[in-house]
Amino acid sequence: MANIVAIVGRPNVGKSTLFNRLTESRKAIVDDFSGVTRDRHYEVAEWIGKKFTAIDTGGFVHGSDDIFEEAIRDQVHIAIEEATVIIFMVDVTTGITDLDDEIADLLRRSSKPVYVVANKVDHAKLHHDSAEFYAFGLGEIYNVSAATGSGTGELLDAVVSHFPEEEEVEEDELPKFTIVGRPNVGKSSLTNALLGVDRNIVTPIAGTTRDSIRIHYNQFGHEFLMIDTAGLRRKSKVNEDIEFYSVMRTIKALEDSDVVILMLDANDGIEAQDINIFHLAEKNKKGVLILVNKWDTIEKDHKTAVEFKQRILDKLAPFNDVPVLFTSVTEKQRIFKTVETAMEVYQNKIRRIPTSKLNEVMLEIIAHYPPPATKGKHIKIKYITQLPGRSPMFAFFCNLPQYIKDPYKRFIENKLRENFDFAGVPIQIFFRQK
Ligand code: GDP
Ligand code: GDP
């Protein structure tokens, strides 16, 4: 179940400052590897062990002043429908404006938990100024300074208290896939192509409290569930073109899935929005498979696919052990291969390497390339084990884990990938004291 915390409010109250604080993403804005500026408005965050996705709605408002207010109203509506908790941010230094009042009116009519956050309370003497926000009739006011972080702890304690308890992980469930991508890349066409001619194979699992529909497939010799938000998307047609809305839906579908099928249009290649989705999938420890669709429309020679793939992987660095397929849904090219590969990624995700095999292979590699000595101390890795979990996690037991640096960690990850198949799957590596 996806916990989504949407930060709403008029411009300049400090939404993105709070977002950055919650997600600590300031440093990550410009990606060192790809040189792409990642304009991230949604990001995984965690507080006292509870995970959620924070969304800065301000990031989705573009354009001139007159469409501003309309866009903000749309967002508040969507947030009310889709978010778990809404943070309504106002600015103590300006007090209540007309737009604040309008937003408060919309929020008052919703049944979602709303937290009124008075921002820019940088000094204790501003505390009593925020009392005017009680006029919204939305309950308690949380005084924060997004700039310094003061007050954000109390706010988060309250926010996460609304998250439902973690659901029991259902054992021996079927693999869950979801198709994501920008509008018009071919998602619905693929969904339909997968249905094939025999429509009886589709069994929507009804009556769940989930945010998305699960469709049970038994196709091409594989049994799996497709997490589909398209049906839900259609329900409120007006929202379909709003980027903020589709991002909300994507986050929900993604968090409910094992493997994310990220679909691109061959004519556009991979764009910032796609990279954001990829990043979110990776952070959520999901498997990923990339489809370059509409491959039929591309003029190509024997090098085109190789070069195309390389361009995509370069942008996903450093995590670029990802399968890329070139599909044409309309020409029915590689539809079967798509299912096969998604199954493979799923297998990679749940793969368990026997401890003896893991130690045999990795200890030999480590013997040849031990971690470099730090401060004159030698680091000895003695024993390796895979930790239980829904995605690959490894513990390397050693004498001085604190001296292991990132480059060595990457080296280890690459060796794990070379020796065992983890294509499309994020790996976590921990060095622990033995
Ligand atoms: P948004 O448009 O709501 O996302 O607002 P921003 O996060 O871009 O912030 C608007 C302005 O308010 C920026 O100049 C921030 O530096 C400033 N700001 C944000 N939080 C605080 C705060 O806690 N205290 C003060 N004094 N300024 C803040
Ligand atoms: P969605 O918005 O991602 O669900 O995209 P759709 O499935 O609605 O497809 C958008 C348009 O692209 C439709 O006109 C499809 O017929 C077309 N389309 C989908 N896949 C392909 C493909 O592989 N090749 C070509 N040429 N067109 C495609």
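Using N, Cα and C of the backbone, Cβ positions are placed for all residues, glycine too.
Automatic, uncurated: that is what TrEMBL annotation is.
The annotation domain 'EngA-type G' is assigned in TrEMBL to 3-167 (among others).
Take the CB of Gly9 (GTP 1 binding site) and look out to 10 A: across all protein chains shown you find 27 other CB atoms. The GTP 1 binding site annotation in TrEMBL covers 9-16, 56-60, 119-122.
Annotation source TrEMBL lists domain 'EngA-type G' at 175-350 (among others). Note on the domain 'EngA-type G' (175-350): its mean pLDDT in the predicted model is 81.
Per TrEMBL, GTP 2 binding site is recorded for 181-188, 228-232, 293-296.
There are 11 other Cβ atoms within 10 Å of the Cβ belonging to Asn12 (GTP 1 binding site). Same-chain residues at least 6 positions away in sequence with a Cβ under 8 Å from that of Trp295 (GTP 2 binding site) are, in sequence order, Ala266, Phe326, Thr327, Ser328, Gln333. Using Cα positions, the member of the binding-site residues Gly9, Asn12, Lys15, Thr57, Val121 nearest to Gly181 (GTP 2 binding site) is identified as Thr57. For the recorded site, Lys187 (GTP 2 binding site), the DSSP three-state label reads helix.
Annotated pair Asn184 (GTP 2 binding site) and Thr57 (GTP 1 binding site), C-alpha to C-alpha distance, rounded: 23 Å. Close to ligand 2, meaning a Cβ under 6 Å from one of its atoms, are these of the binding-site residues Lys15, Asn184, Lys187, Trp295: Asn184, Lys187. Distance noted between the C-alpha atoms of Val121 (GTP 1 binding site) and Lys187 (GTP 2 binding site) is 46 Å.
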